[in-house]
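A.B. asks: So TrEMBL lists the following for this protein:
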BINDING   B:Pro100, B:Leu101, B:Ser102, B:Ser103, B:Gly104, B:Met105, B:Gly106, B:Ser107, B:Ser108, B:Ala109, B:Ala110  ATP binding site
DOMAIN    B:73-158  domain 'GHMP kinase N-terminal'
DOMAIN    B:223-296  domain 'GHMP kinase C-terminal'
There are 2 protein chains.
Amino acid sequence: MKTVTGFASATVGNVACGFDVLGFAITEPGDEVILTLHDERSSDCPVSITSIIGDGGALPLDPKKNTSSFVVLKFLEYIRTTKGIAFDGHIDLVLKKNLPLSSGMGSSAASAAAALIAANELLGSPCSKMELVHFAIEGERVACGSAHADNAAPAMLGNFILIRSYHPLDLITIKPPANLFCSLVHPHTELKTSFARSVLPKSIPLSTATQQWGNVGALVAGLLMEDYDLIGRALVDVVAEPKRAPLIPGFVEVKQAALDAGALGCSIAGSGPSVFAFSSSRQTAETVGAAMQQAFLHSKASLASDMWVSPICSEGARIVSKTP
Amino acid sequence: MKTVTGFASATVGNVACGFDVLGFAITEPGDEVILTLHDERSSDCPVSITSIIGDGGALPLDPKKNTSSFVVLKFLEYIRTTKGIAFDGHIDLVLKKNLPLSSGMGSSAASAAAALIAANELLGSPCSKMELVHFAIEGERVACGSAHADNAAPAMLGNFILIRSYHPLDLITIKPPANLFCSLVHPHTELKTSFARSVLPKSIPLSTATQQWGNVGALVAGLLMEDYDLIGRALVDVVAEPKRAPLIPGFVEVKQAALDAGALGCSIAGSGPSVFAFSSSRQTAETVGAAMQQAFLHSKASLASDMWVSPICSEGARIVSKTP
């Protein structure tokens, strides 16, 4: 029995100005998916979920409804139809969830990317990561209703990923500056992506849009020119953050605490409630993260939180172990 | 009598997706401004326009209404109030207009930048180019009613200039890839900037805005990573081009001709009617430019045109001669 364990880490979508087009991966925490290959099919569906650890029973065990197994099914269908690889065996799936659900940390994307990198390895690596990323994005549709790529793409590919276009999918990898560190703080409250999307306007003033794309261009320039000050100045979101900040108790105080502690910039991670900040050294990022946690704790809602400090992950989803 | 001649070249604003936030300078054609310093003030106003050559009598001779003299007056006021440099003499100004008016080629910005670089030299270079650029932008308000920077900033500073923010003004210089060439075609018709702005919507769907800022980020990435294919893919404007294309007779055919001839991408220069295309070699840019001219000629309006092929100008406004 061949067994492969895949890992994919937390990701932050939007990155302030880059609403729906930008995301990045950090190195930890992340989800693990352990796949075991059997020669014989043991049910109608070629993938079964053996267990899910760490979700508190929240995620579905139906392989067609769970993101991690759903994307493996999509992958099997793809290699059968486009590469002529018929799969007659069976895959048992164990999902170790280390990422909190509905946290804005790309939880579903991490499960999908970990499952896909493991499935690909299990079947002899027929696909490139760039092929796999399509299924990871499809997984987001199952998880939260829309096939957005700003978590799924960096979960699979690492780095910053800019989504130039969805149709056709055009993903640009942007390598981060060496000293860029992320402080990611997850307050102990949930915010559904679908609700966080519902507060956004359907249309925005052209002048607001212009401000936003000036900042998107500047953020990309700052990353590629390794200009930390410019990265900080460009971390401005005039579209989503003003609408979503009121949904996160203490956000205003947390952001101010991050900036006061020396962060380059601070905004909502994905659709929240997690909040991220960038700093130009690990030491500053540690100080910033601690200040953000204190601010959540001392805000009206007195929220406890978890906090991680991490560089940008350059690798993306990876295999952590395999037998034999 | 000290005389200084300043030069600033044509610029292309918007650059497809970068509406109001991006512009670049080419090396030719450009406007020249010749300033002569006299010790004695010869009128109430310290600047007089001696002559304007090449405008067909269209531009005002009143020094407070002509862009090139207006910006010199602003400059004189600035050095008096912030640097304590009192100017008691008089400046005679000759403007040699080589750029067509209302062409989308940054005509007023070139005159302003040429005048400012000459005035600064004439008075002992009290200002940096980054200071001068503020007055060049103010000149746009006189010329066309709004103080936009996407022509004025590259006319002064060269290269691609990204305007991250207007308040405060935050300009990012983006060096172009070495083999990027621009074909700029000016059809013999005029299009007022104010009219071209009036056809734009006041607000746009969030999904449209998202597409546009994905492309802005990708264009900046393409320029900085010297990825010519990416530059081409990112030259997409889903906001202004669809509204303005109908104002330029033959635009659809001209753009298609450019792409068929091997251009990376093609869009409207500023608010038009000029059209620019990018290519990854001078030879291709020549072929592309010729094809665009043919397309204008064979379109329903049978427009004759002028055409220039140029690399991106890295220098910006400069002094071309001075005496003594």
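Using the three backbone atoms N, Cα and C, a Cβ is placed for every residue, glycine included.
Nobody curates TrEMBL annotations by hand; they come from automatic prediction.
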A.B. asks: What other residues of the same chain, not counting B:Pro100, B:Leu101, B:Ser102, B:Ser103, B:Gly104, B:Met105, B:Gly106, B:Ser107, B:Ser108, B:Ala109, B:Ala110, have a CB atom within 8 A of the CB centroid of the ATP site?
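C.D. replies: Here the non-site neighbours turn out to be B:Ala10, B:Leu99, B:Asn151, B:Gly270.
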A.B. asks: Return the average pLDDT for the domain 'GHMP kinase C-terminal' (B:223-296) as a whole number.
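C.D. replies: On average, pLDDT over the domain 'GHMP kinase C-terminal' (B:223-296) sits at 97.
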A.B. asks: Given the binding-site residues B:Pro100, B:Gly104, B:Gly106, which one's Cβ is surrounded by the fewest other Cβ atoms within 10 Å?
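C.D. replies: Relative to the other binding-site residues in B:Pro100, B:Gly104, B:Gly106, B:Pro100 has the fewest Cβ atoms within 10 Å.
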A.B. asks: If you count Cβ atoms within 10 Å of the Cβ of B:Ser102 (ATP binding site), leaving out that atom itself, what do you get?
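C.D. replies: For B:Ser102 (ATP binding site), the count of other Cβ atoms within 10 Å is 22.
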A.B. asks: What residues, ordered by sequence, lie under 8 A Cβ-to-Cβ from B:Ala110 (ATP binding site) and sit at least six positions away in the same chain?
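C.D. replies: In sequence order, the residues whose Cβ lies under 8 Å from that of B:Ala110 (ATP binding site) (at least 6 apart) are B:Ala8, B:Ser9, B:Ala10, B:Thr11, B:Gly30, B:Asp31, B:Leu99, B:Asn151, B:Ala155.
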A.B. asks: What is the total of other Cβ atoms whose distance to the Cβ of B:Ser108 (ATP binding site) is within 10 Å?
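C.D. replies: Taking every protein chain into account, the count is 28.
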